[in-house]
Each structure stands twice: as structure tokens, then as C-alpha cells.
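Enquirer: This is the structure I want to talk about, given as C-alpha cells.
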Amino acid sequence: MNSPVDPGARQALRKKPPERTPEDLNTIYSYLHGMEILSNLREHQLRLMSARARYERYSGNQVLFCSETIARCWYILLSGSVLVKGSMVLPPCSFGKQFGGKRGCDCLVLEPSEMIVVENAKDNEDSILQREIPARQSRRRFRKINYKGERQTITDDVEVNSYLSLPADLTKMHLTENPHPQVTHVSSSQSGCSIASDSGSSSLSDIYQATESEVGDVDLTRLPEGPVDSEDDEEEDEEIDRTDPLQGRDLVRECLEKEPADKTDDDIEQLLEFMHQLPAFANMTMSVRRELCSVMIFEVVEQAGAIILEDGQELDSWYVILNGTVEISHPDGKVENLFMGNSFGITPTLDKQYMHGIVRTKVDDCQFVCIAQQDYWRILNHVEKNTHKVEEEGEIVMVHEHRELDRSGTRKGHIVIKATPERLIMHLIEEHSIVDPTYIEDFLLTYRTFLESPLDVGIKLLEWFKIDSLRDKVTRIVLLWVNNHFNDFEGDPAMTRFLEEFEKNLEDTKMNGHLRLLNIACAAKAKWRQVVLQKASRESPLQFSLNGGSEKGFGIFVEGVEPGSKAADSGLKRGDQIMEVNGQNFENITFMKAVEILRNNTHLALTVKTNIFVFKELLFRTEQEKSGVPHIPKIAEKKSNRHSIQHVPGDIEQTSQEKGSKKVKANTVSGGRNKIRKILDKTRFSILPPKLFSDGGLSQSQDDSIVGTRHCRHSLAIMPIPGTLSSSSPDLLQPTTSMLDFSNPSDIPDQVIRVFKVDQQSCYIIISKDTTAKEVVFHAVHEFGLTGASDTYSLCEVSVTPEGVIKQRRLPDQFSKLADRIQLNGRYYLKNNMETETLCSDEDAQELVKESQLSMLQLSTIEVATQLSMRDFDLFRNIEPTEYIDDLFKLNSKTGNTHLKRFEDIVNQETFWVASEILTEANQLKRMKIIKHFIKIALHCRECKNFNSMFAIISGLNLASVARLRGTWEKLPSKYEKHLQDLQDIFDPSRNMAKYRNILSSQSMQPPIIPLFPVVKKDMTFLHEGNDSKVDGLVNFEKLRMISKEIRQVVRMTSANMDPAMMFRQRSLSQGSTNSNMLDVQGGAHKKRARRSSLLNAKKLYEDAQMARKVKQYLSSLDVETDEEKFQMMSLQWEPAYGTLTKNLSEKRSAKSSEMSPVPMRSAGQTTKAHLHQPHRVSQVLQVPAVNLHPIRKKGQTKDPALNTSLPQKVLGTTEEISGKKHTEDTISVASSLHSSPPASPQGSPHKGYTLIPSAKSDNLSDSSHSEISSRSSIVSNCSVDSMSAALQDERCSSQALAVPESTGALEKTEHASGIGDHSQHGPGWTLLKPSLIKCLAVSSSVSNEEISQEHIIIEAADSGRGSWTSCSSSSHDNFQSLPNPKSWDFLNSYRHTHLDDPIAEVEPTDSEPYSCSKSCSRTCGQCKGSLERKSWTSSSSLSDTYEPNYGTVKQRVLESTPAESSEGLDPKDATDPVYKTVTSSTEKGLIVYCVTSPKKDDRYREPPPTPPGYLGISLADLKEGPHTHLKPPDYSVAVQRSKMMHNSLSRLPPASLSSNLVACVPSKIVTQPQRHNLQPFHPKLGDVTDADSEADENEQVSAV
């Protein structure tokens, strides 16, 4: 055999690594560099491989590794072929990539093969498959464009430390509203991040490291989850906390910022991976893209509105948008918007060109790459010089392109760009250059897009086979076709005939080796088929003949079929193995029994499978027997010893060791049931299993030290490993097999069952899969110490139906797979056959029923993530590559794309599963626990590299109906919100999901991986729709090549199987999982917790397996609701809108008390918030946060407070009226990128006090748009009242302020965004905003000892939602009463310049008035600039309970205490906290502004917002601390008493009264205990109001306007 390996490279590879010279290493590197299968590796990786790889040659029929072998290396096949995991591997190909854990499958060398063996890295070594993270050596160079359009080139040296702190993608996208954690404002000159300070386009990691360290070290002991979590939860939390976040560096930006001369081949490859999906590069060849990437310059525009190109300006570059949006204003008035991936600028010519129109940025932080005119022209025109056109009869039939894959010159050649279908078929047998090594695979996958029938290719191949020089090439093509796409042949009679004819040609030409490989491939890839036959009577002939039987060691095979018979017409053919007949298993049945069954039935439903390989082995054995030639004896007569070529792992039956008449396991290729056993004899292609240990050979090692058999309250028995080999087997002594350390996993006792007695005592028995019931009885009798022979006992299964019916059955002696068969509602009992006692009492039956009823909170989050990932991965890996093509090109294939559709549906199913679980739980505390549970599951899915389920869970948590449950979310511990935020950050949609893609291609992301499937579909769809299928009448094969590459990358993610035993724990390899022998999950395996033993402890094994069974049963019986309207109704039922409050709130309070968290009662210092209410008719709306008025709620240092932002409100006309409207939903929490994120993009989470900004008016939205107020700071945002003219409307938002007489006091102006209906995309469950009208209400308050009572005024209760500025807690005990008495307004008017406790006025937007959140946020009093740590990207927040745990005595607030008393009432720690200081100011117009700034950098604050017009921001230096005597609050007691006199709503007030007397004040509720703890920020006077008032008010009707 001529070796394809370069002799020099082979000689160098044969040397031991320490003996290799630099010349040897360079020779090996050059050879590896030229291999296409290694083209994705960078130079440093190939250098490492050159030092570690070695050359090896293996003979045929040799076992390379077994399923139990620990993975320590991987292979590159250079010649020959191997069979692994049911697939034939042909050169050049790599296989066996796995890091740790057992192989999980066998690998057989089919013919003499050469391979390169690459050792896995040790713990202290760098992995070859991990990309290098070198210190940055080159200078960064990019251009900045300021607001005026002036360009500045930034060239600097970057410190290594600053670069190593960058997480994965890091551009701050304008659409992701506030991705950063908050820090105090730092000027650009003081910024610690060189990238942010230099470029001005913040990389989302600017402050990531600081917040990680600051928050991570904070004491979490005061968080409320402590009393809730169990010990297991705490240990699991520790594991979660120790988990390394999936953060990486922004490699793409690093490459972009390099000088063109500094860009390496690795940099260009990195840019190519990113750029090839942008529309601007569509229909360009790969060589053109490569050249463009090598010369592109990076540009950043920091501000929106910056002019990039003026009208009439000379053009000198071609621009491609990487991030942001630009607007081109043409001279004719036409406006054109361009988005990410679009291009503008010059055309490929050297002529002078001028800009027509003005190009300006629409958002902050726009990023571009630009290519100079000279380079652009040169590259695009150079393509013509590199192309070669093939003409026939004057027509172009093929276009080649000369391509260089790198600058080394070693990888260059011609590649087909486009051609006619005939020429593409012809090219199959032509020589393929090094730059196009996958042409055959690409063609066989994509031919279906331009050929009507595969037979067109088959006919040509049969013709070429007759030519001797082409025979080997044709055979390789057919082998690849069968191995990669066997579904093209199954079910297609024409292609089946082609395959039969090709086999006959191989036989005629004596190409037995190739024929054997073809048979193996067919057997490994074949799937079960259904054939239905009808016989006229039992005596009718079968029309086909049989062979085989278990007595021969084979299954039942079809030996011949009568031509033209019904059997032939039904698809039955020679070589088919019959797997089942009418549901009866035929895999291990005698020949006579099989014939009897077939003859005695007139209706035959056959399940068959093509297994020509084993069928020929059967014929060979039969011929040997007839000729009298002795054959190698079958090894033992154990079913478990029959090994065959199979494509799906499964179980192998094993009969009893004591069985006198032993049944022999058939040589089958059964799919899905039998374990893969491809062990072949060296001298003959037999299917005999090498087994090394003799009878009981391992039994002596099965002591307590090995399996952990220490008795724990229950007795324990271990089944001995049955002997399986006869010592007379001569073939076991052959060198090939005697060196193997092979054992059948089904023989390993790694499962545990629990057996009960009548008196309910139990013992644990460690068994294997094939242990029989009789053997279990024997050991159970021994363990229980029973007298009498084991024959007098039997094993019974007792089960209880949900209705309580007890079922009992005796199990047959040979019954096996006992651990897998037992259900949750069943038990195994040891029964005395001589007695008739009741095994399971009614009480025990009820206990069984209870145990079988599962709830989400009973399940282990690790186990749920494991089984979820296992289930999804099984679906994912079963997707045929052709299904992607059929789905993409909308082809009607015979096989269909059922697997693809099922996997596509997973995201929606799992998303609605999350919502169903949360919303079907009535108890609020349990709802919080379920949310916490799902966050843990998502974290574990991340470790399993199951991004699909992780995304689905995040999407479910952000559904509108879930996100609005404010009271539930506020109970969630802060650290889980941070965990959720970290998960959501992975799916940041900036730069085409760059962060997620960076993680996916990072060093730890080795298979198995379940990718985010919507992104996979999007990428393929872009490649399809962004490139023409035909160019100039020729098939665009460059497009097909790119699609094939994408599909190969997806399929490569399934190249290793998931091993549930290696994910998080050392548990049973087979128990509790559908496929036990699976490969390790690299990077996802937890170190075992100390309390879990790595030894096989019987009780622990049983508990783990029981949990796995519970999870499987739970997942299989899920009843998922998919109606979002029902979700909304359930959500409102648990946390209703305030418009639905009843007259008496005592029932609600009593219900809340049952849910009360065990957290200690809050003191007076732990205040909650007064919430303004904004009604909305629809269920999903976008809202703005309210400033927290009294945020001193000590829940722990890292507990992020619910955010409320006091917004200036706009007074509406008095003629507008709303009454009796029910508002079903509240506000949406913070908005991220509605423009570009996918519909379910989890850009932010539903968190307390966060709102969603309407994208239509959020162009200028920056960190100043929102603020988050620390729960530890004393912050008040109060405004006095003043008149504002309608002329003071905002220019951008066109909002109007109605004129109000000066006597009304302060008027806060609010602008409302109008762009809600403009959203082109929104997440699941989003609805459009329809702002309703409501009158402004006067509000004053009185608080009783029992709770904050109805002296509060409620606007018509809208479901304002979690964290919205209109929100109100359902458990805040705030009753609201309208104050119709104009005198109370008059009274308040006298305090126009006096400090008031709360916001003064509140209004709602009308349908006709725009609603601009960005401006209204900027007008917020006391607002600190800071991005929101938690964002909601799909749903509205709820008008739910603000703080459910706030119970107990609540003091009334009156105004009789002194300012000193007020300050004394503060908690000492909060009052004296030096971090935050409150600034109080009085302006000329009577507006009082309280701003909070911080003297040091903090993780929650970034910078204060710009001071709005009409407001005066006061710096700390200008202010003296202490009370301000000029700020005297009004005496509220008078207003309170007057408010009780009348119950008219404001709607009854005359217009003049309202227009002149509109003042609103909503005080915060304060939960108090002893009076000394009362917190009264900025209230100079405090007093008491009698409890009688509160009790009397409690039964009054809540009035809503």
C-alpha cells in the first residue's frame, strides 16, 4: 500500500519527542499545516502538536480502543479506515477527540491504517485544541470620529493587564440598554479601562472586573435565602459560586485594532469567521474576503448624530457597519437607514467619487471597518486575474479560482467556484487541490439542491467503475456516500438497486476488502424498517426463506425473497435481519420458534434492518459447517458475549449463569437495544468478543474497598461478576486480543435495587444490568438471614396506581434489567411462595403514591440539567446533515426532516415549561424558589454546554407573565439575580451575538455541545439568502461549500457523547441514564463535593438512580401550557392589578402571612416604596423606573434594591377621564435591544425595579437614562411645585406641559415616548403599549399601627409591575383614598417652597401624547447615572407585591418631630454611611432637587445624569451637611383629617379646581417595630395618629379613579 504520508514527516513523527530536532519540528509543522482537517487550528496549536504527535500503523481487524478505555489521546487517520460509533471513518479525518472519561464506544481498525496519535495535555500543560491567549505585542490602531466628523487616528501601546481583563464581546450596543453593573461616574481621563477611555466606545467589560471582585467578596450572610435553602442547596450554591463564568476576550476587536501589517494569518482567520456572515460580503469569494480582512481599518464613532460624510465630500473608502445604525439623508429628502452588515462608500474603481447626501450616526458607539479605495479596487479587480474559465462549445461550464489559504505558500491551488451540474459531477473524479479537500463530501451533501435525482450521479459512478484507473476513486466516493448519507439509499428502490449492482461489481473484480467496508458501512448505518404482510391463511407460504437462529449464534435473517411477490413489493430483501414480528423480539430466538410464529399468523408486522455484513458471516459459517471445515468455536454461551456492528449503544440481555439450557445472544446489529460490540477476530472477520477474566475473575476485587459496601441502616449484597469465557477458547490467547483489557459494561455491578420484605425491612443489592430476578432472590434471602432455600421465594413487583389500586405480579426467574424497569410507584418485594400475605399495606401504598407525585422543587437541579441535556442531545445528534439542506432549500425529501423539526420545537417547549411551573404555583415563596431552581438549572446547563436549554430557561423567566411578578422576584436573593444576569450576558446580541460566538469557539468548548439553535438556523439562512444559488447560469458551488462547512461544524458538536456519570458526579455509569457509556463533558464536570464519595456506595447509588428516575418521569409527563393569554390570567390571579382590589384587604393580608418568608421582620429603617400608578389597558407595556424615595431597606450589603425612579409627571387636561377600566398588565422591565436582538433574546432579566425603554425614542439612551439607588443610602427625590408653560415642551419628544396656576405648587413635567408601536421585533409575549388617561390625584397619607392605611390616594389601579415607576406592592398594605376636598389642596399650596415627603404630582400619558422614556428619565429628580444591573428583555413588570415580608406593626407618620429626631431615627449605619451623601437644593423656580453622588467608585453607580433644564444640580462642595432649616415640610395631619371627610373622586371636581389645585404626594410606607428605629428621611416632624383611625379606615372601600 502506498502511504499518503510524506516520507520526511513520517520519519520525523516516528522519533521520540525529546529526540526531535528543530528541523524535524518544522517538517512536521509544515505537514500538519497542509492538512484541511487541522485548518481551524492556529500556528501555536500546530507547533504544540508537532512536539507531541507520533506516527503509528495498525493492522486490520484490530481493536484500537474499547468503551471502557480512558481517553488519553486522539487520532488523525491518514490511510485505511476505522469503525467508531457506528460510522466508518475514512481519511483524512480525525476522531476520538475527548478529554478525560471513558471512551464510551469501541473503535475497530477495519484495514491496515496509518494514523497520527496526539496525546491529550496533562493538567499542567497547554491543550493543543485550546487557542492561545498571548500577551498583546502589537499596537492598537483605529480611528475615532467625533461629533463634527473630524477623524483622529488612535495608535497606542496597550498594557497586557488591561487586555487580559476583557470578557468576550465587548462592545456596548445602543440597543442593549444598560449592560454594565453600576459604578460611580468616572471621567474619561480617569477611566481604568484603556479601551473605553481611548476609543470612547465602551467595551462591555470596562467595569466588569471591578464589580466581579467587589461584589464577590461581600458578606452574603445577611441575605434572606439562608433560612430557605437546605444544606444541599447551600453546597450546590457553593458549586455554582465557584463555577468559572464563561467569559473570554473580545478576539475579533483585538484583531480589528491591529495595524494591517501586524495582522497574522490567525488574525485574518478570526476576522473571516466573523465577517463571512455580514451581508456586505455576500457573493464574494473567500479569497476576496481574506484580502479585505487583511487591509481593513477599524473606526469608532462615539456619539449619535455625528456626521461621517458630508454631502459632496470626496469618497476615499468603502465602509461596512459592524455595530450601530447610520442614516443617509439624500438631497431629494429621501432618508435611508443602514444597519449592521450593510455597506456604503466607494465602488471598486479608481475614479474620483463624491458623496450624495449626508451620512450620520443614529446611535452611540457605532463601529465600522473601512477599506481604502486603492485596496478595494485592487482586491476586487485582482479576482479576475486569479480566475480560470473552462469553456465548452463557446460556453463557460466551470470557473476555477487560484486561492492561497495563507502567506506561507504551502496551501495554495485551484478551487471550483461555479460550474454546470454535469461538470460538478465530472469533478468528483478529478484531482482535488489542497485548498479544496472536502469537495466530495460537499458535493454528496448538496447535490440535491441542483440535481433532480441521485441516480444521475450513480449512473456515472457505475460507468467510471469500469475504468481501471478510476475504480479506487469511485469506490471511495461510494463508501463516503453510504457512510455519510445512507438515507439517500434507504427507501429508494432505484438507489438500492444501484448499491446492489455496485456490490456485485466489487465481487466480480475481487475487491473483497472494499466490499467488506461497504457492507460494514451499510450495516452500521441501516435503520429499522416496517414491513407489513398479509397471508390468506396460516397455511399460505411465506414467500421468503429464513436462515440463522440463536442456536447458531445469529439472529433471524431473510435468505431469499421470491421475485415479484408481495414480500418483495413491500421492501423485504435478502440480507434483512428480522428484529421483531408483531411486537415479539426476534433478536434472540431459535430458528424453529421463529418459523412457527411466522407461519401461525396471517397478519405479519415485521421490523427489519439491513445487515448484509452479519448475514454474509452467517453464510460463511454455514458453508464451513457443510464442508466440514472446523471453525473458531463460539465463546461461552452467554448472550452478553455476542458482539456485532451496531450504531446505537444500548443494553445486552444476559441469561442466568445457572441456566442449564443457555440461550445464545444473536450476532445482531440491532439498533437501540444492544450494546455496541464491534470486536472482531484477528484472523477472520468474525464477531467474537475477547473477554479476559475467567469465571469469577473479578469477584475477589469486589470488596468494600472497591465498591463501598459499608452497611447503612439497610443490608447490602453485591452480585458477583458472572464468568463468561470458556478456558478452552483458543482465540483468546492470540496476541491481538490477549492484550486487551476489555470488559462488557453490562457485566459490571454498578446498579442498585432496593428489595423489601413483608415487614417493610429492606436491603440494597448491587447488581448489573443482566442480573436476573432469581439471582436477586438468592442474595436477598441471604441478606435478610432467612431460613429455607431460595427456591421457596420469588421476586415480586408491587405497584400502586394514582387511584390507589395495588397491583402485584411475580417476576420470571430470568427477568433482567431490574433497575431500569422499576417505576417510582413500585417496589420489589421478596415473597414467600408458600404464604399469601399482603406485601404492601394501604399505608405503604399511600406512601408510594405520594412518592410518585413529583413537583419541581423535589428534583435535583443538577439531575434536571443532566437529563434535560441528555434528552436534547439525543435529538440533536440524530439530525441527519441532509435535513439541514432539505429545510434550508425547502426540498421535499423522502426521508423528511422530522428530527430537525423536533429539535427546533425544544426552545418553545422549554420556555413555556418554565412559565407553566412558575405560574401554576399559588404560593409566592414557592414561586420564588421555583425561579431560583430554574436559575440553578440554567447554570448547570451552561456547564453541560447546553446553550439551547439555557437560552430557553432564560426566555421563560423573561416571559411577560413571569416578569411582572414583582413580589415574587423581590424575594429572590441578589446573588441569583447576578447569576441570571451573567447567563443573559452570554446572549448579548451585540455584533451578531459576538459574545456567545466567542464562547462557542473558545478553548473549553469541545464536543459535546448543544448550540443555541436559533443562531444556527439564522447563520445557515443568511448563507442561503445572502448568496445566489446560480451565477451566470452556473451553480454557485462556493455558496454550497460554505453551507456544507457550516453544517459540518454543527455536526462536529455531536462527535462526542454526553456522559451523565462525568458531568457532575462520580455515579453509576449506567444507572439512571439512557446511555451510560458516554464521553466526558470537557470543562463541565464538577469536582465531586466532599460529602459525595467517589466510591460506589450502595445507598448513594440508589438515591442517585432514584433521582434520575424521578427526573425522567417528570420530564416525560410534562404538561406544558402554551397559551400566553392563560399565562397572563394566572399571573394576574397571583399578583393582581390594584384596580381589582376588594373593599377589605384583610383576606389578602392573611394570605400573604401564610407565604411570609422566615426572614426576620424589618425594622423601621427597612422602608419600602410608595409607588405611583399608571394604568394601561393592554397586558404588556414599556415603562420607566421610579426613583426610590426611601430605599433604606437593609436586606444585605449585596442585595440589590428594587429600583423606583421618581419621574416628573405631566398634568393632563381635566376633561380626560377614566373610570372602571381594568388594567391587566403593568410595565415592562428594562429594555435592551429591540432593534437587533432576536425575538427571544434574553438581553436582560426581569428584575426588581427595572423598566423597558421604548426603542423608538431611545436613540440617545445611555447610562443616564436610569438609576439604581442603593438600599443602604438615604436618598430622597422630592420636588416642589411650580408652573410650567406649555411652551416648555421638549423639542425631541414634542411633549406638552399644560399651564397650571402658580398656586398649584410644583409641576413635574413628563415626556412620553411615542415609539412603542414602532417596534419591529419584540420578545415572546410582548404586546404594544396603549397609554391610558388618568386624572392627577392629590395624595396625602396616614399610617396606622397596623399598616399604611387608605389615607393614601390611588390613581386608578394599573398593574404597574415589578420595578416600574407605577408599581405598588400588593402586600404593602397601602389603601388608597381619593381626596376630593379642595381645602386639602389649598392647605398644601402654602408650602410651595417647602420640602415635601413625596412626589407632588402624577399623571398618565394619553394615547395622543408621545412617551419618551429617555427624556423623562433624564428629568428624574435625584437620579444617578448608572446602567441597570438587571434588565428585562421580554416582559412587563408586575403590579405585584412590592415587599411581601413587610408585616407587623406599622406606625403612622405625622409631622411633629424635629429634624434632629428625624436624623436620630435613622439606622446608625445608614445614617452615617460615608459613601453616599444627599444634596438638597432650592432653585429659583421653587423646584427642590435631591441628588445623590458618591465620593468613591462603587459597583452600582456610574455618574449622575445631566441636569435637566429648569433644575439646578448642586455639588457636594457647595453644601453643608446637616438639616436645612429653610426646608419646612407641611403639617400633614390637617390634610389627613380632611381627606377622610369626603369620598368623591377627583373626576367629580370642576376643571378649574383641578387645574389650580393639582398636587400629589405619595408617601412611602414604613414598616416599623420600636419607635426608636423609625426612619424618617427628611421629615422634620413626626407624630402619632390613633390606631382607631387605621382600624376604621381598613374596611372602607378602596377608591380608584
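Just so it is clear, glycine is given a Cβ too, placed from its N, Cα and C backbone atoms.
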Enquirer: Pick from 393-423, 1354-1384, 1416-1446, 1571-1601: which range does Swiss-Prot record as region 'Disordered'?
Expert: 1571-1601
Enquirer: Looking at 135-158, 1455-1478, 1503-1526, which one does Swiss-Prot call region 'Disordered'?
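Expert: Here Swiss-Prot associates region 'Disordered' with the stretch 1455-1478.
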Enquirer: Quick one: what's DSSP say for K385 (nucleoside 3',5'-cyclic phosphate binding site), helix, strand or coil?
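Expert: Where K385 (nucleoside 3',5'-cyclic phosphate binding site) sits, the three-state DSSP reduction gives helix.
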Enquirer: Please list residues from the chain of V295 (nucleoside 3',5'-cyclic phosphate binding site) whose Cβ is under 8 angstroms from its Cβ, counting only those at least six apart in sequence.
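Expert: Correct list: P260, I371, A372, D375, I379.
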Enquirer: What is the Cβ neighbour count of E310 (nucleoside 3',5'-cyclic phosphate binding site) at a 10 Å cut-off, with all protein chains included?
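Expert: For E310 (nucleoside 3',5'-cyclic phosphate binding site), the 10 Å Cβ neighbour count is 14.
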Enquirer: When a 10 Å sphere is centred on the Cβ of A280 (nucleoside 3',5'-cyclic phosphate binding site), how many other Cβ atoms does it contain?
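Expert: Its Cβ shell of radius 10 Å holds 20 other Cβ atoms.
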Enquirer: Just to be sure I understand, if DSSP states are collapsed into helix, strand and coil, how many residues of the domain 'N-terminal Ras-GEF' (412-526) fall in each?
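Expert: So the counts come to 81 helix, 8 strand, 26 coil.
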Enquirer: Test of understanding: give the count of other CB atoms lying within 10 angstroms of the CB of C370 (nucleoside 3',5'-cyclic phosphate binding site).
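Expert: Result for C370 (nucleoside 3',5'-cyclic phosphate binding site): 20 neighbouring Cβ atoms inside 10 Å.
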Enquirer: In three-state terms from DSSP, label M355 (nucleoside 3',5'-cyclic phosphate binding site) for me.
Expert: coil
Enquirer: Once near-sequence residues are set aside, which residues in the chain of M355 (nucleoside 3',5'-cyclic phosphate binding site), 6 or more away, have Cβ atoms under 8 Å from its Cβ?
Expert: L309, E310, D311, G312, Q313, E314, L315
Enquirer: Where does A280 (nucleoside 3',5'-cyclic phosphate binding site) sit in the DSSP three-state scheme?
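Expert: DSSP assigns A280 (nucleoside 3',5'-cyclic phosphate binding site) to helix.
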Enquirer: Using a Cβ cut-off under 8 Å and a sequence separation of 6 or more, which residues in the same chain sit near K385 (nucleoside 3',5'-cyclic phosphate binding site)?
Expert: none
